[in-house]
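Asker: So that we are looking at the same thing, I have put the structure below in structure tokens.
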Amino acid sequence: MLSKFESKSARVKGLSFHPKRPWILCSLHNGVIQLWDYRMRTLIEKFDEHEGPVRGIHFHGNQPLFVSGGDDYKIKVWNYKQRKCLFTLLGHLDYIRTTFFHHEYPWILSASDDQTIRVWNWQARTAICVLTGHSHYVMCAQFHPSEDLVVSASLDQTIRVWDISGLRKKNVAPGLGGHDDIGGYRGGGMQGPGHTDLFGTTDAIVKHVLEGHDRGVNWVMFHPTMPVIVSAADDRQVKLWRMNDSKAWELDTCRGHYNNVSCAIFHPRQELMLSNSEDKSIRVWDMAKRTCVQTFRRDNDRFWILTAHPSLNLFAAGHDNGMVIFKLERERPAYSIHENCLLYVKQKTLRRLDLNTNKDQPVLQLPKKANYTSLTYNPAENAVLLGCRSANPDNSTYELHCLPRDATDSAVDAADSKRSSGLTAIWVARNRFAVLDKGHTLAVKNMRNEVSKKFQLANAEEIFYAGTGCLLVKEPDTVSLYDVQQKRALSSVKAAQVRQAIWSADMSNVALISKLTVTLCDRKLATLCTVQESVRIKSAAWDDSGVLLYTTANHIKYLLTSGDNGIIRTLDVPIYLTRVKGTSVYCLDRECVPRVLGIDPTEYRFKMALVNRKYEEVLHMVRHAKLVGQALIAYLQRKGYPEVALHFVKDERTRFGLAVECGNLDAALESARALDDKQCWERLGELALAHGNHQMVEMAYQRTKNFDKLAFLYLISGQLDKLRKMMRIAEIRKDTSGHFQMALLLGDVSERVRVLRTCGQTGLAGLTAAAHGLQEAEPGAADDPAAGPPTVTPPPNASLLQPPCPLRSQDSNWPLLTVTKDFFEAAMRARGAGGTAGAAAAAVASAGPASAVAAVEVEEAEVGSGWGDDEDDENASKGGAKGEGSDVEDEEGDGWEVDDDLDLPADAGGHDSAAGGGGYVPPVRGPPPRQVWTAGSQLAADHAAAGSWESAMRLLAQQVGVARFEPLKPLFVAAYARSRACLPTLAGSPPLFAAPLRNWKEAGSGGQRGGGGGLPAVGIRLRQLLDRLQTAYGLTTRGNFADAVDRFRQCLLGVLMLVVTSNQEVAEAKQLIEVCRNYIVGLQMELARKALPRTEEIRSAEMACYFTHCDLQPTHTMLTVRSALKILYKLRNFATAAMFARRLLELGPKPEVANETRKILQTCEKNPTDARQLNYDPHNPFDICAASYVPIYRGRPLVKDPLSGACYAPEFAGQLCRVTQCTEIGKDVTGLKISAHQSH
């Protein structure tokens, strides 16, 4: 049995597969209905409106409905899209055992303990027929898959077959299939239950009564295609019945179960039956031979229900503690690809498919129908090796077949075949192959199947092809490249539970495929990248360009050697890749049917060209391919290529963000003008100021009307004429403060005096005039009645406030190093030459000093008519003569004609003048270290150190079920703080920040952009946690239980931030969690005991006894036993106290304690009785519920905390763990991961 998914819950009494989606319904004994996605291993929804156990459950074949029946006598019809119960059908008078939809009509069939079977019309919501005749509980009733028949099983030891053709004729109109437009059925067909038949036809009659079981029958089912019935009963037998139109009889009985048989079903596509029983086993029976061919057992769970998927090779079984979904055999086809030829096994035939001509022909008739798991082809000898792997290594075999040279249209019998035992057989040379047996011995054999050499491979579990003379040897945690001739390992890589090794066409790279992981390595097994999946990986194949394509259950995905991955397309059913060629994927499905699927390789080819720096190919894709989507833009930003995304993004806001990120001022200016948004202009001003582009800064400040910053810009650049214009604008805007400040910056004393007088500060105006030697008052000042007293004389030592005079006006941009245009910008400029918007924007942005004047003119139009009016009037009064601020000296005439534009072809020139010779080319910025950490690690500690707390929380929720993150906040903050170091530099300069790495040697030589895949330095080490554990031990010894609990919890949660490298350290960390859990449960229970009132003597004694069963250190165990001994002695429970006294003496206490204990033992042995009855059985192993502090004895249902492993009663499932205070009890998780090479 190949287990695919298991869930933990209360007892499962009913199961139903969805016919199309990867869903299954589970009805539980506690009244809850669970909807699971078994492919993603997630619980989708819970439905809990029933009161009591729910036994019947069934999906509708076409509608988004399912029906349930429970012990509350109710049948409920649910809509899973709306996630609610639509209506309830009432009528049964006792427990309802099964409920089923009809495959065609809008009917529901229900069986009940009220000894009746009812047929309901779920559209009319009424019962249309009641079938009576059984004299005991009706345990099961089902429709026939194609005929108008119903079969029922009862505890009256009979099986009845009912003919319901009269019911169909009575309720379905002629010419209609019983369908109705409402809810997916055609109109008018169904008639009400009160319809009177003219000839009095009976709705349902008993056609056959089958008797043969000695006890009650629990289950019955029709065969999908044959007139055969299977039944399961409490007499431990499975019976086969056959019927025709006139009679029915027993075919045979299958015996083997040794307890009540709960359920029996037919295999949908093979001549097999499955049955399960309360003897904790599932048995598979051969229908032809009536013999048991397979048996699967569980240790503690009785089975109650079985169901089969209607179209897939999947089965589900419900037991006491949940359900299991399984297959009977592998469905992965055995195949091998060589050049354009595909060899594969289908049923009992080896077939060859030519991928060029699509000609498929049989090659070899295999001797028996076996479950072949591997196929390898030797083109030199035209021979194949077929492997048959079994769960029992003794039954694993391989077969050597030589194929016929001449192609025929019919398969040739395998006459000259050789068969031997062995786990795996792989070709290693032209006429040699290697065989690994169960004793870890590798034997090299020739074409006659004779051993030429043999040697031992310790811990070898599997071997894979690795070229001539070499093998890949799989060990528990590693894969090694082994040289067969030298008999030694050449290299190894850490990769756990590898199932496949797929080599690229040139044998330069290999993909190691495990259950949920793909690891790419080079020829020397150096790890290139690793990707983790959430669903099972089915197959993989290499593209001709060096990209790995692999399939999961529902997707085709790609993986580059750089670690980039993504989804290519979605799949309806799982497939197995054989060859990838261009836009076609050649594959096999589970029925071994060759298929060809079309894919779009543009995305991964674009990324591959970008990684390999093939910029011509990238540019071609940018121009011609449909590269769209925010995901691709985010990828280019993340990889440090925002300038590439800039050239094909059309959205102006996105373009602006990309231009700012890559420092492209021209593109940013163009987008800012198109958007005309204040925030964009502010960001552009900051970027231009950092680049020293004063003209663009000036324009941005003007567009945002940020006059303070604009005035300061004019001041520091010495542009006093523009500062005077700003002063006049401030006067027009009646901004007195700004007006005075600019007059102060310009050193214009008379203007300051005028501003002060205008705002009524005549005293300050007079003082300012006197201080600067302006004794004569302005006209009209003497006549001003508000002038106040005469101006005071300034102090003799007063100094004048005069701003320094600029040496020269800096109206040009800050000089920069000459930078070579990148490939994309040069190409796009060449393409956009000739008057395009991009060329125009570039011309405007690079216009030089004149752009500042243009910007001022734009601002004048915006501010109003006051900008520059005085100056214009002054110039006009002078007859157009230029003043001091004239730019006549700077203007160029048109005498020289060297700047005339020439019409040159776009492809004539190479680069800018600065590109040749010694132009400075800045290095390409790589991704930041923290981004590399999150991309290259699946450890929560690394994500927390990178500051990616959201992904760290997601990992912890998946791995250990963390649901409350407040207790982890100090750990996250500490991990982030430790992840960087501050390096002091020169005095007055800002410090440099560095990211310490734990794999700095490998990261330094990784050859990857952005650090070569480095990982953060380890913050918390296992030794530190063990030191904290010793401190907690000391607090426990001193009796500070509350503080000790906090310390133990800190140690336990600290394990989440560990990063270890060996399996031994992983085991030590898990042992540390176990120790902390035992102490926390015990100490919290002791604190709760001490808080009990004195009247709770019995409960206090019970909790003291439970405390002794916590696995503590011997010293602390001795203290718990002493405490329990004294409490029991005071309670006069002498028998139990004597047991504890003997236990204490066995622990070897101090002499004075031992003497006291012996006296207590002598007293107790004189009267070995207990005065009070305690809920405590020391001879029956139990776990302590960490919430209620009551024992959970072996065999009782329990749930566990996924992190600490603390045990709880089932009613605490879904609550927060009392030990960790942050994890969800009973959550299905993948397991704690603190090592990069750890497997679960």
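Quick reminder: no glycine exception, Cβ is built from N, Cα and C everywhere.
Automatic prediction, not curation, is the source of TrEMBL annotations.
According to TrEMBL, the record shows the following:
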COMPBIAS  787-797  compositional bias 'Pro residues'
COMPBIAS  859-874  compositional bias 'Acidic residues'
COMPBIAS  886-904  compositional bias 'Acidic residues'
COMPBIAS  905-914  compositional bias 'Low complexity'
DOMAIN    349-589  domain 'COPA/B second beta-propeller'
DOMAIN    631-772  domain 'COPA/B TPR'
REGION    778-803  region 'Disordered'
REGION    859-938  region 'Disordered'
REPEAT    5-46  repeat 'WD'
REPEAT    47-88  repeat 'WD'
REPEAT    89-121  repeat 'WD'
REPEAT    131-165  repeat 'WD'
REPEAT    210-251  repeat 'WD'
REPEAT    254-295  repeat 'WD'
Asker: Using a Cβ distance cut-off of under 8 Å, indicate which of 5-46, 47-88, 89-121, 210-251, 254-295 has the most pairs with the repeat 'WD' (131-165).
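Answerer: Counting Cβ pairs under 8 Å, the winner is 210-251.
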Asker: Express the predicted model's confidence over the repeat 'WD' (210-251) as a mean pLDDT, rounded to an integer.
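Answerer: Per the prediction, mean pLDDT sits at 93 for the repeat 'WD' (210-251).
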Asker: Could you tell me how many residues in the repeat 'WD' (131-165) are helical, how many are strand and how many are coil under DSSP?
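Answerer: Helix (H, G, I), strand (E, B), coil: 1 helix, 20 strand, 14 coil.
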Asker: Run through the repeat 'WD' (210-251) and tell me, per DSSP, how many residues are helix, strand and coil.
Answerer: 0 helix, 25 strand, 17 coil
Asker: Which residue counts does DSSP yield for the repeat 'WD' (254-295) in the helix, strand and coil classes, in that order?
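Answerer: So the repeat 'WD' (254-295) is made up of 0 helix, 25 strand, 17 coil.
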Asker: Of the residues in the repeat 'WD' (47-88), how many are helix, strand and coil by DSSP?
Answerer: 0 helix, 24 strand, 18 coil
